[in-house]
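Student: Take this structure, written in structure tokens, and hold onto it; I'll ask about it next.
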Amino acid sequence: MATILDDRSVNLELVTIYEISKILGSSLDLSKTLREVLNVLSAHLETKRVLLSLMQDSGELQLVSAIGLSYEEFQSGRYRVGEGITGKIFQTETPIVVRDLAQEPLFLARTSPRQSQDGEVISFVGVPIKAAREMLGVLCVFRDGQSPSRSVDHEVRLLTMVANLIGQTVRLYRSVAAERQQLQEEKRQLSRQLQGKYKLDNVIGISKAMQEVFAQVHQSAPSRSTMLLRGESGTGKEVIARAIHYLSPRKDGPFIKVNCAALSETLLESELFGHEKGAFTGAQGERKGRFELAHGGTLFLDEIGEISPAFQAKLLRVLQEREFERVGGSRSIKVDVRLVTATNRDLEKAVAKGEFRADLYYRINVVSIFIPPLRERREDIPYLVEHFLEKFRVENQRAMVAMSPQAMKVMMNCYWPGNVRELENCVERTATMMRGDLITEVHFSCQQNKCLTKVLHEPGQQQPVVVVPLERISAPYGAIFAEWDGQGQATGAAPPTSERERLIWAMEQCGWVQAKAARALNISPRQMGYALQKFNIEVKKF
């Protein structure tokens, strides 16, 4: 008879462990998982009261899941280490068996009466929950009377095995939760860094054309409107797109970029909309598209003028309905995405030729911003050159590299078909290949007929913009900050004549922002910094 009971107990243990193992590996919802585990234990052990307590950051054991408790009993399930039977199990890290709770002085009766309503004895079995030698909590079972079908030793053994499985799951869950929290914090820090990197204050452009671009960006960024950025390749459309995102209410959401020209029609559809498992050869699992990934943020479609007419129709539907289906799927997915597009093509001509759908053109051309080519804002070139030289110095840990006036004249007279991107490459290439710390005109590839721009575009007759020395700044600059009388006349006074006073005046007018004061004085930020040091002018902090 004992052998039969032992066999039944072993079979019960195997079945119970198997079912609980499946539950623990089926979900990342810890609360739901633990509840299902306790339900299995309650059914297999034929008991109505099962409790699971875990150690909290407060240093207390707290009930996190239970079967057979009232709300009041559940809320009272808190124990200090060593307090009551539960606290004692945690403290000693050993199981405790109580055959009659009415006779046990350690029992506090917070989660169970000492006797059943009909006076029947209530017994108790509790085991510690451990993982990698770390105490995590306590698993307890209450029973009215004694079980006729199994011994207490069998129950202790079963509960210990279950507690070990629970401990491993809890430890893994907490590890994943900690990593997720760390990733979220890193994401927030990266987002703050990107916001600083791509804010408009860091976009170089003192020219009137770029100031107009900045004004349009500030005006349109807070809205939900679809935007179209237009300009030649290399003018900085992506930088402006990111600035729009980080100036908008969606700045804490994702910024997702897709280069439409780099993907075929089939790949572009899968990339934007995602795909279901088995949608095509090689689709081993479902995959979210860029529209889903950009939910709550901004989707930047670069080179939108290069997409095929067939795909234009699919994109139009998404823009109209704000929903789509994954490739190979039938379920509609709704998204909240702000769309920013960019192109270097003449879309109006493309529409006239039938190469671009007119209805899609009207959808994306809600707010249009034109980014001027570098040759139309040559006054920005000295500041861009200085910025790229400083970037090169920091990235390569080099000494300060300067550019001679003759070298700057070459830069100012270049056609720059590749715009800012080409300018940056030219500065980096020249600074890398030169010897010494001063770039002269002989260091440039174009002076050796090794530059494609020199071959394709002969220098024009445009006069370079002269950087006015500080001492030559005269009264008209005072009008930049002067009060206006509404008739187009400045009423403010001209800046002071002394160089030190002029520096202080410019800094005061610009709120002690060095970059703004430098632009007002038509000098570079580096020159501004040198001048402030030279005259021992302390920069005020606000």
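Backbone N, Cα and C atoms are what each Cβ position is placed from, and that goes for glycine too.
According to Swiss-Prot, the domain 'GAF' annotation covers 29-170. Positions annotated as domain 'Sigma-54 factor interaction' by Swiss-Prot, on the basis of sequence analysis: 203-432. According to Swiss-Prot, the feature ATP binding site maps to 231-238, 294-303, an assignment based on sequence analysis. Positions annotated as region 'Inter-domain linker' by Swiss-Prot: 433-499. Among the features that Swiss-Prot reports, divalent metal cation binding site is placed at Cys446, Cys451, with the record citing similarity to another entry. The region 'C-terminal DNA-binding domain' annotation in Swiss-Prot covers 500-542. For 514-533, the entry in Swiss-Prot reads DNA-binding region, with the evidence type similarity to another entry.
Describe the structural surroundings of these features, if you would.
Tutor: With helix defined as DSSP H, G or I and strand as E or B, the domain 'GAF' (29-170) counts 52 helix, 42 strand, 48 coil.
Other C-beta atoms found within 10 angstroms of the C-beta of Leu301 (ATP binding site) number 23, with every protein chain shown included.
All protein chains included, Cys451 (divalent metal cation binding site) registers 17 other Cβ atoms within 10 Å of its own Cβ.
In the DNA-binding region (514-533), helix, strand and coil residues by DSSP number 16 helix, 0 strand, 4 coil.
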Student: With every protein chain in view, what's the tally of Cβ atoms within 10 Å of the Cβ of Lys237 (ATP binding site), excluding that atom itself?
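Tutor: Cβ-Cβ neighbours of Lys237 (ATP binding site) within 10 Å number 24.
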Student: If you count other CB atoms within 10 A of each CB, which of Gly234, Thr298, Cys446 wins among these binding-site residues?
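Tutor: Comparing the binding-site residues Gly234, Thr298, Cys446, the most crowded Cβ belongs to Thr298.
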Student: List the same-chain residues at least 6 positions away in sequence whose Cβ sits under 8 Å from the Cβ of His295 (ATP binding site), in sequence order, or say none.
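Tutor: The list for His295 (ATP binding site) reads Gly253, Pro254, Val335, Asp336, Val337, given in order along the sequence.
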